[in-house]
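Engineer: First, the structure itself, so that you have it in front of you.
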Amino acid sequence: MAKRDYYEVLGVAKNASDEDLKKAYRKLAMKYHPDRNPDSKEAEEKFKEAKEAYEVLGDEQKRAAYDRYGHAGVDPNAAGMGGGMGGGMGGGFADAFGDIFGEIFGAGRRGGGGPQVYRGADLKYALEITLEQAASGFDTEIRVPSWENCDTCHGSGAKAGTSPKTCRTCGGSGAVRMQQGFFSVQQTCPTCHGTGKEITDPCPSCDGVGRTRRNKTLQVKIPAGIDDGMRIRSSGNGEPGINGGPPGDLYVEIHIKQHKIFQRDGDDLHCELTIPFTTAALGGELQVPTLGGKAEISIPEGTQSGKTFRLRAKGIRGVRGSYPGDLYCHVVVETPVRLSDEQKAILRQFEASLNDGGDRHSPQSKSWTDRVKEFFS
């Protein structure tokens, strides 16, 4: 299951203040704390989810990285790696809320259970494509930055010839109990950050993290009819899990470049059809562009600006559509510019002949004049 947006998890806006974040987290943590819901797996998951969200958004640097890159921008090891890491995410929880839970909840549910397992973070990749590519679909390669297990230590974080040792603080459980009077609360071990292991001699290649940053190349199939903002999920191609946890997923988010001619609206396409005023007056045959080539369109006599011609099935067949949409051509009658004296004289003669014919040549103008007179009367 993909990770939810951290702001959504806490139920706050993206511009929420630190105080708003803290209040939202307090409320969720108190509601879903395992000691209050001892037999609810769902409450336990929601508690962990809220804790993870606050630990990222409550940290200025991590929040900035998350706002820019999503889950991929947050160091996946921050959720708890070996002793080679500089600081985990559990400490903030203990500092800010240990006193609250110590006062509210009784003895914890369990004393151990082994190292904590974390699902890998999801990755987001923005892919810009053309409208033509979106309509037809295609296969492409993308290079995605990701954390991979270190080739030197094979993910252990320990120097060659050594191995991680059982954490002395938690005895390998990954958690410790804090006693406050008659109450106790279980927290992530501050020494091993939930792994249950300590690395006393870290791997020089990865500094004890157990992972290195590198690019991986993936094949992605873009389906025909995909629309702007849609996401393609590639299961298991996100960040690797921690302590044997499952990997996250990769989400390829589609961004369609602005087209020179067409604007997309669902499965339909729209375009402006600029025609000379002579063609608008006399009518004629025109060729209009479509994504599949050219199409003929008949312009009737007396066509006005704003008239729309509909070309059926000349739009896009959506990802889930059975039939393609339509193409709507919106007429714009072009007024000639930079006329010669001779052309101006011809137009004045033409104007005089129109005036001799009365309102029958300009029905819209007559209607507009009547509305103006009524407005001022």
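Just so it is clear, glycine is given a Cβ too, placed from its N, Cα and C backbone atoms.
OK, Swiss-Prot features for this one:
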type	residues	note
ZN_FING	137-215	zinc finger
REPEAT	150-157	repeat 'CXXCXGXG motif'
BINDING	CYS150, CYS153, CYS203, CYS206	Zn(2+) 1 binding site
REPEAT	167-174	repeat 'CXXCXGXG motif'
BINDING	CYS167, CYS170, CYS189, CYS192	Zn(2+) 2 binding site
REPEAT	189-196	repeat 'CXXCXGXG motif'
REPEAT	203-210	repeat 'CXXCXGXG motif'
Engineer: Using DSSP, how many residues of the repeat 'CXXCXGXG motif' (150-157) fall into helix, strand and coil, respectively?
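Structural biologist: Result for the repeat 'CXXCXGXG motif' (150-157), in helix, strand, coil order: 0 helix, 0 strand, 8 coil.
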Engineer: Among 150-157, 167-174, 203-210, point out the range having the most Cβ pairs under 8 angstroms from the repeat 'CXXCXGXG motif' (189-196).
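Structural biologist: Ranking 150-157, 167-174, 203-210 by Cβ pairs under 8 Å to the repeat 'CXXCXGXG motif' (189-196) puts 167-174 first.
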Engineer: Please list, in sequence order, every residue of the chain apart from CYS150, CYS153, CYS203, CYS206 whose Cβ lies within 8 Å of the Cβ centroid of the Zn(2+) 1 site.
Structural biologist: ASP151, THR152, HIS154, GLY155, SER156, GLY157, ALA158, PRO202, PRO204, SER205, ASP207, GLY208, VAL209, GLY210, ARG211, THR212
Engineer: Specify all same-chain residues, apart from the site residues CYS167, CYS170, CYS189, CYS192, whose Cβ lies within 8 angstroms of the center of the Cβ atoms of the Zn(2+) 2 site, ordered by sequence.
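Structural biologist: After dropping the recorded site residues, what remains is ARG168, THR169, GLY171, GLY172, SER173, GLY174, ALA175, VAL176, PRO190, THR191, HIS193, GLY194, THR195, GLY196, LYS197, GLU198.
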Engineer: Go ahead and report the DSSP secondary structure tallies for the repeat 'CXXCXGXG motif' (203-210): helix first, then strand, then coil.
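Structural biologist: Across the repeat 'CXXCXGXG motif' (203-210), DSSP assigns the residues as follows: 0 helix, 0 strand, 8 coil.
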Engineer: Could you check the binding-site residues CYS153, CYS167, CYS170, CYS192, CYS206 and say which one's CB has the most other CB atoms within 10 Å?
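Structural biologist: By the 10 Å Cβ neighbour count, CYS192 comes out on top.
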Engineer: For CYS189 (Zn(2+) 2 binding site), just count the other CB atoms lying within 10 A of its CB, please.
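Structural biologist: Excluding its own Cβ, the number within 10 Å is 26.
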Engineer: Neighbour count first, Cβ atoms within 10 Å, every protein chain included; then name which of CYS150, CYS203 tops the list of binding-site residues.
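Structural biologist: Buried the deepest by this measure is CYS203.
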Engineer: Between CYS167 (Zn(2+) 2 binding site) and CYS153 (Zn(2+) 1 binding site), how many Å separate their Cα atoms?
Structural biologist: 19
